[in-house]
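Report on the following structure.
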Amino acid sequence: MWGGIRECACNQDYTPPKSGNKKLSKAEKDKLKKDELEKKAQEEEEARIQAEEEEEEQKERAKVEAEERRRLDNEERKRRKGQLEDLATMWESYTATLAAEKADYRRQAKWDRYMLCDGSPNPAIPGEINTFMNLWREDQNNNDIESVLKDSKLTLKLLNELHTLIETTPEEELPEKEVNQYKETIKELQSLLAEKLDLSSHILLLSSTDLADPETGNLQTVKTDGVITLSMWGNLSKNPRIKSHEFEEKGFMFEMPKMLTLMDCAVRVLFTEYDHYSEHSKSSVCRPKVNVIEEPEVAAVEGEEEGEEKVEGMEGGDEENKEEAAEGEDPISREETKDVMAALNQLEDNDKEKEEQEVEPVEAEPEEDDFEIKTPEPEEFEDFDGDDDAVDLRAFSVMGGIFHFNLLHLPPQPKTVQSWILTRVDPMQLRPIEYVADANPLTASAAAAGKESPATESTKDGGSLGGESRADKRDVDRPPIGVTMRLPETVYFCEEPQVARWDEEIKQWRLDGFSDHKFNEDKRLLSFRTTQFGTMALIQDTHINMPFQSWEIRPRGLNHCVMTIIAAIVEVEIQIKNDVCCLTQPDKPEVQHLLNQWYPPREFIKRMRAAGLNVFPEPDSSKYVSIQAKNAITEERLYQQMAMTASGMAFSWSKWNSEVGDKERIILQGCEQLQDEALFEEDWSLFMVNKKRTTKLKMTEFDDNFSEDHAEGTEFHADLYHMTVEMASDGAKDRIRETTHTFIDSVWSILRSTKLVTYS
């Protein structure tokens with residue numbers, strides 16, 4: 001009983017302890033910690049194993065992908081090599097055929113020239129041309145202006161023939177000795193022509209009284225053959241009220257200072273449509289920089305002395321030199337060689353250990369690019385070293401020929417004595433009057449109003465108008481000469497031209513000495529004042545129409561296409577058909593003589609430049625124009641392929657060509673066109689061309705962002721030619737296949753002369 005009561009009491013008093021309040025023993029804590037560490041280690045091991053498995057899977061996938069890429073790359077390389085070899089074969093066939101035809105043409109032209117029996121000398125044969133020049137120089141019976149103008153036609157023809165020989169004959173067929181001979185002949189012919197024109201001008205002045213105008217009593221006459229125009233005014237009346245004179249035929253007016261109205265003087269204005277001066281200026285030729293490569297100094301080691309430090313130079317064979325250059329190591333002393341080699345060996349061992357731990361990379365087959373031409377470095381050019389007033393003929397061009405504005409002595413006129421006519425014939429040459437405006441003249445408006453400043457009186461015989469100034473005289477005896485001239489009718493000036501004077505001493509055009517320029521664009525009249533007389537010309541910025549805003553070339557049939565260039569100021573449209581070109585736009589009065597006139601590409605480019613429509617950059621034009629520089633090899637090949645497909649494919653400028661900002665990528669638009677009709681925006685596709693491949697892009701010209709994703713259903717190709725042929729219809733393929741090599745050469749000549757890709 002007591003036991004039961006005790007048990008009940010115990011049961012009533014017992015309360016089990018809460019588990020959270022129970023304190024673990026040290027052993028239990030250690031056991032729990034150990035279990036947690038083991039669990040964590042197990043989880044880390046499982047994670048490591050899983051990571052290794054994932055890494056292995058990733059490496060395996062990368063290996064498979066690399067192998068697939070290698071396979072695709074190899075296939076593309078093989079296809080690319082085949083396409084490039086195919087293209088090279090076609091291009092070589094074109095050029096070989098064309099070269100053979102041109103060689104035949106030159107041989108035939110040479111034979112025809114040899115058989116020509118019109119009495120003209122062959123300028124390429126020294127004996128004939130020297131005889132011609134000597135006979136003309138010694139001829140004393142045909143020096144009147146009419147005879148000289150007639151003879152000048154033959155002289156200009158001979159000069160053009162020599163220039164053509166130099167420009168068109170391949171270097172291997174024209175030795176340097178012959179080139180120098182031709183250039184010397186050109187100089188002599190130019191000099192002789194100038195002498196004859198001066199002599200005929202003097203003879204004309206000797207007949208001033210016979211040619212005097214009955215109203216004014218002064219000599220005023222104009223003689224021309226279309227290329228050379230001689231305008232002469234002689235002061236026979238000495239009328240002080242004469243203020244100016246105008247040659248209406250040429251639209252040339254000059255003012256007469258009061259002092260000249262009282263002198264026996266004459267004014268000659270000789271216009272020539274040719275320019276025989278600029279080519280003799282050193283600024284007319286391209287000035288490429290000469291890169292001087294400094295060779296590294298080589299220290300030779302002949303022997304060693306104890307305690308003496310020897311510098312080891314470029315020792316060993318070419319392979320060792322190449323390795324040293326590649327690793328960028330400086331020469332080291334012989335005493336340190338062993339230590340360095342040991343360190344290098346240790347580094348190699350470490351690299352090998354790391355390579356063993358890494359997955360072995362997939363070895364790619366060597367690219368089959370041995371046929372590739374190495375891209376040359378962009379050529380650099382020297383800066384112009386002339387002063388501010390000197391004209392850089394690489395940046396400016398003489399337009400419309402030149403004009404000689406000369407102040408001359410009026411020679412004594414023939415006198416009639418009984419039945420004799422006495423004519424002074426010695427000296428039988430022009431005598432120029434030196435005239436230099438005062439150093440401190442008044443303003444042009446004041447001079448025009450008749451105000452003058454201190455100056456000197458001229459000598460009675462009209463010699464130099466220099467001398468001491470008189471302090472008490474306020475008139476200007478020698479003001480600047482005012483000139484107003486009509487611009488040449490066959491030259492399109494895109495802006496107000498500048499006037500330049502030829503400095504014979506330094507062989508250079510100069511801008512100093514001119515003031516008060518005024519230009520009436522509607523009437524095409526230019527006015528200025530000059531401090532002296534001399535040989536002058538109008539010049540214009542050579543690159544005024546560059547860079548271009550856009551361009552397009554479209555086929556108009558087999559061997560016929562039209563190229564449109566929207567330049568900086570004008571829009572030019574050029575038709576190319578077979579082996580000739582013609583201008584169809586702009587339809588301006590100044591270029592009417594060129595419109596719809598067909599010329600070979602070289603002659604066409606020459607005439608376009610002379611007319612002021614210069615859209616043909618020179619090799620150094622990049623110095624003066626901001627361009628989109630592109631890989632030279634890629635650009636040259638692109639022009640070839642555009643020419644080969646121009647009968648069936650249209651191409652156009654793309655804004656992305658400049659916006660991608662990459663010289664290795666050329667972006668242009670293209671589409672097939674078999675009918676001569678307008679193209680719509682959706683007709684065009686974008687092509688990306690680089691040195692390795694050509695791609696038709698998925699994007700369009702009007703997308704907001706650039707993307708290199710290629711269009712669906714298209715493959716990469718080695719060049720634009722194979723890309724366009726693949727996407728072309730049968731009709732376009734037939735046109736491309738039937739295109740003649742002469743048409744290809746003409747289109748290629750215009751494309752590489754305009755450099756549309758880089759100058760737009």
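Just so you know, glycine gets a Cβ as well, placed from its N, Cα and C.
Listed in TrEMBL for this protein:
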type	residues	note
REGION	1-81	region 'Disordered'
COMPBIAS	25-51	compositional bias 'Basic and acidic residues'
DOMAIN	39-241	domain 'IC97/Casc1 N-terminal'
COMPBIAS	58-77	compositional bias 'Basic and acidic residues'
REGION	296-371	region 'Disordered'
COMPBIAS	296-330	compositional bias 'Acidic residues'
COMPBIAS	356-371	compositional bias 'Acidic residues'
REGION	446-480	region 'Disordered'
COMPBIAS	469-478	compositional bias 'Basic and acidic residues'
DOMAIN	506-668	domain 'CASC1 C-terminal'
Average model confidence [pLDDT] within the domain 'CASC1 C-terminal' (506-668): 96
Counts of helix, strand and coil residues, the compositional bias 'Basic and acidic residues' (58-77), according to DSSP: 20 helix, 0 strand, 0 coil
Counts of helix, strand and coil residues, the compositional bias 'Basic and acidic residues' (25-51), according to DSSP: 26 helix, 0 strand, 1 coil
